[in-house]
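Scroll down for the structure; my scribbles are underneath it.
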Amino acid sequence: MGVPAFFRWLSRKYPSIIVNCVEEKPKECNGVKIPVDASKPNPNDVEFDNLYLDMNGIIHPCTHPEDKPAPKNEDEMMVAIFEYIDRLFSIVRPRRLLYMAIDGVAPRAKMNQQRSRRFRASKEGMEAAVEKQRVREEILAKGGFLPPEEIKERFDSNCITPGTEFMDNLAKCLRYYIADRLNNDPGWKNLTVILSDASAPGEGEHKIMDYIRRQRAQPNHDPNTHHCLCGADADLIMLGLATHEPNFTIIREEFKPNKPKPCGLCNQFGHEVKDCEGLPREKKGKHDELADSLPCAEGEFIFLRLNVLREYLERELTMASLPFTFDVERSIDDWVFMCFFVGNDFLPHLPSLEIRENAIDRLVNIYKNVVHKTGGYLTESGYVNLQRVQMIMLAVGEVEDSIFKKRKDDEDSFRRRQKEKRKRMKRDQPAFTPSGILTPHALGSRNSPGSQVASNPRQAAYEMRMQNNSSPSISPNTSFTSDGSPSPLGGIKRKAEDSDSEPEPEDNVRLWEAGWKQRYYKNKFDVDAADEKFRRKVVQSYVEGLCWVLRYYYQGCASWKWYYPFHYAPFASDFEGIADMPSDFEKGTKPFKPLEQLMGVFPAASGNFLPPSWRKLMSDPDSSIIDFYPEDFAIDLNGKKYAWQGVALLPFVDERRLRAALEEVYPDLTPEETRRNSLGGDVLFVGKHHPLHDFILELYQTGSTEPVEVPPELCHGIQGKFSLDEEAILPDQIVCSPVPMLRDLTQNTVVSINFKDPQFAEDYIFKAVMLPGARKPAAVLKPSDWEKSSNGRQWKPQLGFNRDRRPVHLDQAAFRTLGHVMPRGSGTGIYSNAAPPPVTYQGNLYRPLLRGQAQIPKLMSNMRPQDSWRGPPPLFQQQRFDRGVGAEPLLPWNRMLQTQNAAFQPNQYQMLAGPGGYPPRRDDRGGRQGYPREGRKYPLPPPSGRYNWN
C-alpha cells in the first residue's frame, strides 16, 4: 500500500496489537543441522489453521537483500527462498492449509504504480553504477586499496514480474520444494498446500483474499478458522479487517531502521559508496576466518493481532445517541475506507491529508462529528454512499487552508531547530582534534571510515620522521592540520554538503499562501483553476477510484481496465456534487497477458526479458510506441524532500495503441514464450497421509476430463473444483530437482492437481459481516470500567496469545544451583551489602552478638525457595517481638558491640572489594526505621506491618 508510514503510525497508536514471535531455532549436532520439528505444539501458545504467504514479500529480500551480500546466482536465490519459508513455517506451524501466492498480472489500475516503480529502479540502478565507477576511479587514482571488481551481471529486480523466465523457473522450484517437504517434513504431514504462481492473474495478497471470501461463502466453512497472513505491505492490515474473520493475525519481519549495509565498492560496513576511502580491510580472526561474517543479527518476526486492533477501533468508533443502530462491523469498514484518502497503490493521496500529520485521526473526528448529518454509514459490503462521503470531504475542505499553513509552520520550526542543533554541535567541537596514524583510537572504532591504526608504531614513527626530513622548508606563516601536514594558505573550499543549511527544493505551488488552488492546478495539471469542467473531471475520476478500490478490497476486481488517468489528486474542497456521479464499471473485462504487461511496465533497459522483436519496439526510433519508454523522466518532489517521495512523471500507456503494435510481433513468439504468455491457475498438493490423497489418485487413474467437485469433508471444508494437471507430480515418479545443489526425490508419495475456487455470478455480493457461529476471542485490552468493577483487583496485562500462560518457574534444584554458584556478596537487593545485626534474639531479650556465634542466622522454615540464594533477611524480620518483655540495658556491653562492628568492617570490605581493592557503595539504609546503626542506645523497634513472610 502506498502509505510507507502507516504501520509505524498504527503500531504507535495501538501498541498492544504487536506480539514478538517465539522462534525455535534449528540445532546442530556434530556438524549435522537438526531442523525444527513443526509437528510439535506452537511455542507461541496459539495454534494456527491456515498460513498464507504473499510470496513477493519473500522473493525480493531473498534475491537482492539490503543488509548482506546478495546471492551469487539464481540457484542460491532459490535456496534462500526455501530457507525463508522454512523459518516462517516453523514459527506459525499451520495445521490445515498453506497457501503460497505469487503476484500475477495486475489490474490496469496497479500497472501505473508498477510502471513507475520499475522505471525508477532502472534509473536509480544506472545512476548508482555510474557513481560507483566514478568513486572507484578516484580512489585508485589516489593510491587507495579496493578489492578487484567482480565481473558479474547485475541482478535486475525487474525480472520479478510475471512472464519472465525467472518467475517461470521459480514456479518449478516451488513445486519441487513443496513435494520435498510433504515427503520428508513431519510438520507438513496432513497439510493441504495450494500454489498460485505468477501465471494466475491477480496480485498475491488479493488472490489470498479472494480465496478466503469464496470459502467463507460456502456452508461447510469453519467460521472460527485461525488465519495467519505473512507480508509487510500496509494494505494487508486493511484486507485482514475487510474479511471480518474473528481470528486473523499478520506475521511480518520486524523493521529495524539504520541497519548496517556493506559498501558497494569495498564490501566493508560503516560507510556508503560516496564516503569510501579505499582503506584495506582489517583482518577478522587470527587467520581471517571471519571475513564473511556480518555484523547484523538475523531479523526477528512479530505478530500483528487484528482481533486486538478491532478492540481498539470498537472503542474509538463507538458513538452514543446515534439516529441508527451502531454496528461495529460497518464502522470498521468505514475506517478502512477513510484510510484510502491518505494513500494507496491505485490513487495519490489528497494534498491536505498526510499520514505523518495524523490525517486518519482527523478524518475519524470529522466522521464522528457529522454522523448525525449523514444518518448512516459510508459503506456497505464494498459499495460507497457518495452523498455521505461528500459531507465528510467538504468538512475536510473547510480546514484545508489551516492545514497547509500549519504544515508550513511545522516545517519552518523543524528547520530552525536543526540549524540551531548544527550550530550548537559546531560550537561544542574542540579547537584541535588529533588525527593521524599514531593517534589513539577507541576500541571498536577501527572499522570507521577514515580511521588509520598503526600496526607497528615504531615503524610508523620512523616513516613520519623520514617524511618530515625529506619535505621542503616551510615558512613560519604556514598553518598545519591536526596530523602535522601543512595546509594551503588559502584554506580548503568548503563542500556544498558541509553547508549549515541544506538547499530546499523549489516549491512553485506554495500551498500556505493565498491563491494556492489556482497555482496547484496550473503547475500540476497545466490548466486554469477556473476551468470547472476539468476540475470536475479530475474529481469524478478520483471518486471512481475510491469506489473501485473499495470494491477491490471487498468483492474482487470490478474492472481490469479502469485506472486513474492523472498523476495528482484534487482537493477535498472540490468534492462538490459527487453524490450524482456514476460509480459503475465495465463488466466482462479481461486481464493483460503476462508479456503484454511486461511491455506496459518495463523500461527499455529491462527489455532483455522480452522476445527480441518485442524488445525492438522499446528502442527503435521508428516504433509506434517509442514514446512509452523515455530514457529519462522528471521527478516532481511535490513538496517533499527526497526523490523517492516524489512523483515520477511518466506518460500513461495507451492500451489500444499497445495492443495494435503487439499484433505485428505476436507471430514471432516461440512455443516456450507462448506458454509463458498464457494465463494459468492454482495447483493443490497433498501427501500420502492426507485424506484427499487417494481421491485425487483415483481421478488420475480414471482419466476424468471434466472438473470434479472437491469433497469438503476430506479437507477441512475447502470447496472448489479439481481438474487434471498436465505437469502433475504423481507418486512413484522421480521429482527432478531444478536446483543442481539439491537432490532429486526418488521415493515420492505426493500428488498434485489443478484447483479452482468456487465460482459465483458476476453480480454476487459477498457480505461483509461476521459469520454465524463465529466466536470472538477473549478481550485483551483493559476494560474501561475496570477500576469500578474489579473490586480492587490488579489488572494483569496479556503479553501473548494466551492469558493463562504459565510464567517461567524454576524448581528447588535450580535455586540451589543458583545459590551455590552465586556468592552472597554479589547480590543486588537492598540487604545485599548490609552488615549482620549487632544483636541476636535470645529468649525474650536482645543479647550481644558474641564472636564465637554464627555470623549468618538460621533461615526460616517457611522461606520461599527462590529467596534462599538472595541471602537471609534481617534478623528483626525473622524473630517474633514480644512487647510485654523489657530489654536489658545496653550500656554494659556497648563497648563490646563497637569492637565487634569495627572487626566486621574490614572483613566485609575484603569480601566485597572490587578489582581495584575499593569497597563498593554501601546501601544498608542505615539510620532508617528497622535498620541498625552503630552506637544505637535502644533496642530495635518491632517489625512493621508492611512485611509479610507467611
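Any Cβ shown, glycine's included, is placed from N, Cα and C.
Note that the structure is predicted; figures quoted are calculated from it, not measured.
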Which residue, chosen from Ser471, Ser485, is annotated phosphoserine in Swiss-Prot?
Ser471
According to Swiss-Prot, one residue in Arg315, Arg458, Arg465, Arg851 is annotated as omega-N-methylarginine; name it.
Arg851
Candidate set Ser413, Ser473, residue annotated phosphoserine in Swiss-Prot:
Ser473
Scan Arg12, Arg181, Arg775, Arg895 for the residue that Swiss-Prot records as omega-N-methylarginine.
Arg895
By DSSP, how many residues in the compositional bias 'Basic residues' (416-426) are helix, how many strand, and how many coil?
11 helix, 0 strand, 0 coil
Near Ser678 (phosphoserine), which residues of its own chain have a C-beta under 8 A away, given they sit six or more steps off in sequence?
Ser199, Lys593, Pro594
